[in-house]
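Heads up: the structure comes next, in structure tokens.
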Amino acid sequence: MERFEGKVAVVTGAGAGIGKACALAIAREGGRVVVADLDGSAAIACTAQIAAEAGNALAMAMDIADAQAVAALFETAERHFGGVDLLVNNASAMHLTPRDRAILDLDLAVWDQTMATNLRGTLLCCRQAIPRMIARGGGAIVNMSSCQGLSGDTAQTSYAVSKAAMNMLSASLATQYGHAQIRCNAVAPGLIMTERLLAKLDKCMQRHLSRHQLLPRVGHPEDVAALVAFLLSDDASFITGQVVCIDGGMLAHMPTYADGGNSCAGRTAGDTAETARC
């Protein structure tokens, strides 16, 4: 029997990247998936791929910062599939990160919008999912955090704080609703080469980032999706309230770089001074 046979999952931010990989992974193991994304066309494309693989999915265009839209999302999931068993809170205000700066340079509108999506939106989804999970005898939630929620950075203040708060939200949910057979964990990815990230990085920067991974490769959305699927499944039935890093060892080593600059420490044989600066 497939791990998610008979289960209904809601995945937010599922039109691309990690969210899409999670939706596909759940569907491939028998789950019925509600694919939610701000970009409706991306959500439809994801459901089309699931359907092409003989899966069952429903696309919804919505903004998780909108409480009414979130309520409609879960009402639709219940009406269409009969309930909700699994939730992946992956949607994030990534479009704001170029303007998400150090504290004194930070536009408070960026802070407010980031918190509205990353934190409040996650809370809204959890509040809609929990009663429906209780009605079905329990469920599992994975909140998509980040390694940036576990260590300081020279910029992206709002994003990092929102992810740190998400970690505590996950622990609080696990504590408050474990008696109802609801598990909640956070997943903290490191450098994951999504299509969106690859489009922003030139070859030189890709080389620089790859050089500072402990493993001889970068992460991919499918790596994160495999972890998420495990945490949602009965294979992880005694795991709850945890923040699980999937970062290729990014946070396991020293030194870190307080100025955000480049290092020659990872220079490999054959690198010139110029390529080391890349």
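Glycine too: its Cβ is placed from the backbone N, Cα and C atoms.
Record features (Swiss-Prot):
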- Y159: active site, proton acceptor (ACT_SITE)
- 10-34: NADP(+) binding site (BINDING)
- S146: substrate binding site (BINDING)
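Everything Swiss-Prot records as a feature, shown here on the structure.
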{"residue": "V10", "record": "NADP(+) binding site", "Cβ contacts under 8 Å, 6 or more apart": "V33, V34, A36, L73, F74, A77, V84, L86, L87, V88, C125, A129"}
{"residue": "A14", "record": "NADP(+) binding site", "Cβ contacts under 8 Å, 6 or more apart": "K20, C22, A23, V33, V35, A36, D37, A43, C46, V88, N90"}
{"residue": "I18", "record": "NADP(+) binding site", "Cβ contacts under 8 Å, 6 or more apart": "N90, M144, P189, I192, T194, P221, V224, A225"}
{"residue": "I26", "record": "NADP(+) binding site", "Cβ contacts under 8 Å, 6 or more apart": "F4, K7, A9, V11, V33, L86, V88, A229, L232"}
{"residue": "G30", "record": "NADP(+) binding site", "Cβ contacts under 8 Å, 6 or more apart": "M1, E2, R3, F4, E5, G6, K7"}
{"residue": "S146", "record": "substrate binding site", "Cβ contacts under 8 Å, 6 or more apart": "Y159, A160, K163, A188, P189"}
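Fewest other C-beta atoms within 10 angstroms, among the binding-site residues C22, V34, are seen around V34. Within 10 Å of the C-beta of the residue listed as 'active site, proton acceptor' we count 24 further C-beta atoms, all protein chains included. Under DSSP, V34 (NADP(+) binding site) is assigned to a strand (E or B) in the three-state scheme.
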